[in-house]
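Colleague: This is the structure, below, for whatever I ask next.
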Amino acid sequence: MLKKDMNIADYDPELFNAIQNETLRQEEHIELIASENYTSPRVMEAQGSQLTNKYAEGYPGKRYYGGCEYVDVVETLAIERAKQLFGATYANVQPHSGSQANSAVYMALLKPGDTVLGMNLAHGGHLTHGSPVNFSGKLYNIIPYGIDESGKIDYDEMERIAIEHKPKMMIGGFSAYSGIVDWAKMREIADKIGAYLFVDMAHVAGLIAAGVYPNPVPHAHVVTSTTHKTLAGPRGGVILSAADDEELYKKLNSAVFPGGQGGPLMHVIAGKAVAFKEALEPEFKVYQQQVVNNAKAMVEVFLERGYKIVSGGTSNHLMLVDLIGRDLTGKEADAALGSANITVNKNSVPNDPRSPFVTSGVRIGTPAITRRGFKEAEAKQLTGWICDILDDAHNPAVIERVKGQVLALCARFPVYG
């Protein structure tokens, strides 16, 4: 018999210690990876519920198993809240991840070998937008577009490439681009050549939900997102559309199940429902505006200290620090900052002479620090410490000093108070 007082600490102390150590790491490290965030205890409560026991292949009202009357309620709540949040007429909350949501879109709209226009990974795109090591690059004919010398998307060049290659689908969205994307312009180009416009808004979904970044849903045929990152929900994916095209919706549903997945993760879908409800609250808008304010404050200090920011600034939650010309690789910067309890990720920058495993840049994002309460003053102070380390990355004394400052700041702003 299963008993409610069963726990990991007594049964599996080795695993429990790893979990405890990760909890401590999150409290004592400053998280600047742009794709990471802290989810709420309410979301974690949903994910730890008995919903994890339930198989529910199919969709609400059309399941292949019995006993789904309550998980139908859960999934319907998630669907309706997602639609409300983004102004969609269709939502599929079953994808296990953003990448699986993206693969479902490819499966629904394309055939292997079809031509796709996607943002170059080296210019800020994502693996699933056509990288040769990803399914998207292996199964489809990918034509990349990129950014100009100013670090902004070149829509004239995009249009020229689109007219020349006539892709069946154009992809908007990014994993490392700090500007505003003109979704309407992309739809205009797509319509000129009769292509689908697919937008992956994973990185900026929270900003979009709060109205501080343009919403692609009214412009794209289909939109995907993760539910973590700026949305601050559980790790997972979602597909949205406002195309009012029932045939398209059927294709998307079929591509998720049975096309790419079996049973949905009902405990995670419950977590998504909670996160969408949280994102509909007024304070979520305040949070997202602060995310952008903090990012702009950090850019200001980087520029003052002589560091180059790709595109010269940011209009969202992230920035790319360009280290080309400095005697410091992205990998070295990542490691040095990590030693001071500041977590970033090395990242390729445009025209990067180094490999993706070494890189000449670091990507920095503000969702997590804002979630724990940092405002502009703390963001600027932190950026100064980062610059101190980048200026002298091989100096243990500098790293140790900054680490002490980081620990003191983290103690003032606990993640879970």
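Glycine is no exception: its Cβ is also placed from the backbone N, Cα and C atoms.
Feature annotation from Swiss-Prot assigns (6S)-5,6,7,8-tetrahydrofolate binding site to Leu121, Gly125, His126, Leu127, Ser355, Pro356, Phe357. Annotation source Swiss-Prot lists site 'Plays an important role in substrate specificity' at His228. Among the features that Swiss-Prot reports, N6-(pyridoxal phosphate)lysine is placed at Lys229, with the record citing sequence analysis.
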Colleague: For Lys229 (N6-(pyridoxal phosphate)lysine), what residues in its own chain, 6 or more apart in sequence, show a Cβ-Cβ distance under 8 Å?
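Modeller: Those within reach of Lys229 (N6-(pyridoxal phosphate)lysine), by Cβ under 8 Å and sequence separation of 6 or more, are Ala34, Ser35, Glu36, Asn37, Ala202, His203, Ala205, Gly206, Pro367.
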Colleague: For the recorded positions listed here (His126, His228), tell me which residue's CB has the most neighbouring CB atoms inside 10 Å.
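Modeller: Of the recorded positions His126, His228, the most buried by Cβ count within 10 Å is His228.
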Colleague: Please report the number of other Cβ atoms within 10 Å of the Cβ of Ser355 ((6S)-5,6,7,8-tetrahydrofolate binding site).
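Modeller: Excluding its own Cβ, the number within 10 Å is 11.
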Colleague: Fewest other C-beta atoms within 10 angstroms of its own C-beta: which of the binding-site residues Leu121, Leu127 fits that?
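Modeller: The binding-site residues Leu121, Leu127 were compared, and Leu127 has the fewest Cβ atoms within 10 Å.
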Colleague: Would you mind ranking the binding-site residues Gly125, Pro356 by how many other Cβ atoms sit within 10 Å of each Cβ and giving me the lowest?
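Modeller: Sparsest of the binding-site residues Gly125, Pro356 by Cβ contacts within 10 Å: Pro356.
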Colleague: To the nearest whole angstrom, state the Cα distance for the pair Phe357 ((6S)-5,6,7,8-tetrahydrofolate binding site) and His228 (site 'Plays an important role in substrate specificity').
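Modeller: About 25 Å separates the two Cα atoms.
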Colleague: With every protein chain in view, how many other Cβ atoms are within 10 Å of the Cβ of Phe357 ((6S)-5,6,7,8-tetrahydrofolate binding site)?
Modeller: 10
Colleague: Whole-number Å only: compute the distance from the Cα of Pro356 ((6S)-5,6,7,8-tetrahydrofolate binding site) to the Cα of His228 (site 'Plays an important role in substrate specificity').
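Modeller: About 24 Å separate the Cα atoms of these two residues.
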Colleague: Among Leu121, Gly125, His126, Leu127, Ser355, Pro356, Phe357, which the record lists as binding (6S)-5,6,7,8-tetrahydrofolate, how far apart in Å are the two most distant Cα atoms?
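Modeller: Max Cα-Cα spread across the (6S)-5,6,7,8-tetrahydrofolate binders: 17 Å.
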Colleague: Return only the integer: C-alpha distance in Å from Leu127 ((6S)-5,6,7,8-tetrahydrofolate binding site) to His228 (site 'Plays an important role in substrate specificity').
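Modeller: On Cα coordinates alone, these residues lie 18 Å apart.
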Colleague: Measuring Cα to Cα, how many angstrom lie between Ser355 ((6S)-5,6,7,8-tetrahydrofolate binding site) and His228 (site 'Plays an important role in substrate specificity')?
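Modeller: On Cα coordinates alone, these residues lie 28 Å apart.
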Colleague: How would DSSP class Leu121 ((6S)-5,6,7,8-tetrahydrofolate binding site) in three states?
Modeller: helix
